[in-house]
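Working notes for the structure below.
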Number of protein chains: 2
Amino acid sequence: MQELKDRILKDGVVKPGNILKVDKFLNHQIDVTLLDHVGEAFKERFSDKPINKILTIEASGIGIACIVAQHFGTPVVFAKKNRSTNISDQVYKSTVMSYTQNKNYDIMVSGEFLSPEDHILVVDDFLATGHALEGLIEIIAQAGATLEGIGIVVEKGFQEGGKKIREQGIQLESLAIVEDMSSGEIVFR
Amino acid sequence: MQELKDRILKDGVVKPGNILKVDKFLNHQIDVTLLDHVGEAFKERFSDKPINKILTIEASGIGIACIVAQHFGTPVVFAKKNRSTNISDQVYKSTVMSYTQNKNYDIMVSGEFLSPEDHILVVDDFLATGHALEGLIEIIAQAGATLEGIGIVVEKGFQEGGKKIREQGIQLESLAIVEDMSSGEIVFR
């Protein structure tokens, strides 16, 4: 998606430790017009799938998922982090290893919001190691729902997450794939 | 907003400790069509204000803010919780006492995303004690920006937050105000 790549080149900031900050338009300040075009792009790429729910993970995935959901005419469900207060109800749970924060955290989705009837599009801002996505995939499996595909705004192509997911035969659509930024300059695949 | 009140009566769940769970359409699963109508309602109520930015707080405020922002044609900025990794940059910070979680947390907004030129509409899902809003109001003051108003989806009218904010002369618009739910039945103001 050229508009997104142009924006990353203009406003993205490469930080030490393979960190790409896109705080100006995605992770802190959010350009909702850009997100609308992101939603349009995902709708095009998953137009043949019977998607009835968008699944994401808090916090920065929520805004993207809401605007994407408008294009699919579906509700959003977001996985919550680190909530153990709901354990008396039925919940789907998974543990995620965070690369940027270097610790594990739990994600959960209440049993009422995912079922075997659901056809899920997973949406998130970033894909790097793929650990967060693996957690969501596990939760979808626990619910017996169908994963129809994964839509990512920015994939770090030099980390292993995208490869691992594509090898499972999942339709993974990343709107911008950063192949290299080790010199501080961003190169797309 | 009648559609919202009807939905709260239909899908809201009253829990012990003055907790109103609206997980079915606002805080875990999100009905983006309802949020679109919420955005329309806020646009109507703040139509005379020169709003150029929507400010909210992660996590559950983000989805609402993004869809509201579409109605105002502005970007969203969300305050982040508990991030101390950015202290070398200029940040606006405040400490919030959480009533539901019974602990303090810090919220921060990067200095690049708020300035004296900004005219802010604050948007959030719930208003109860008002502590989170006070934190956002403090951050807006630190930035020298103008607070044009506050848009809330559900106000707990039996807690003191709404009264305190209206007494400051701030335009506070709550689309549903729960006056009482002590018997388990929801009564609107």
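Just so it is clear, glycine is given a Cβ too, placed from its N, Cα and C backbone atoms.
Remember, TrEMBL labels are computer predictions, not curated facts.
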Further binder of xanthine named by TrEMBL next to A:LEU20, A:ASN27, taken from the candidates A:LYS93, A:LYS103, A:LYS156: A:LYS156
Least Cβ-crowded entry, counting other Cβ within 10 Å, from the binding-site residues listed as A:LEU20, A:ALA128, A:ALA132: A:LEU20
Euclidean distance between Cα atoms of A:LYS156 (xanthine binding site) and A:ALA128 (5-phospho-alpha-D-ribose 1-diphosphate binding site), Å: 5
Under 8 Å by Cβ from A:LYS156 (xanthine binding site), counting only residues of that chain that are 6 or more apart: A:ASN18, A:LEU20, A:PHE126, A:LEU127, A:ALA128, A:GLY162, A:ILE177, A:VAL178
Local confidence of the domain 'Phosphoribosyltransferase' (A:34-157) - pLDDT mean: 93
A:THR129 (5-phospho-alpha-D-ribose 1-diphosphate binding site): tally of other CB atoms within 10 A of its CB: 19
A:ASN27 (xanthine binding site) versus A:GLY130 (5-phospho-alpha-D-ribose 1-diphosphate binding site) - Cα distance in angstrom: 18
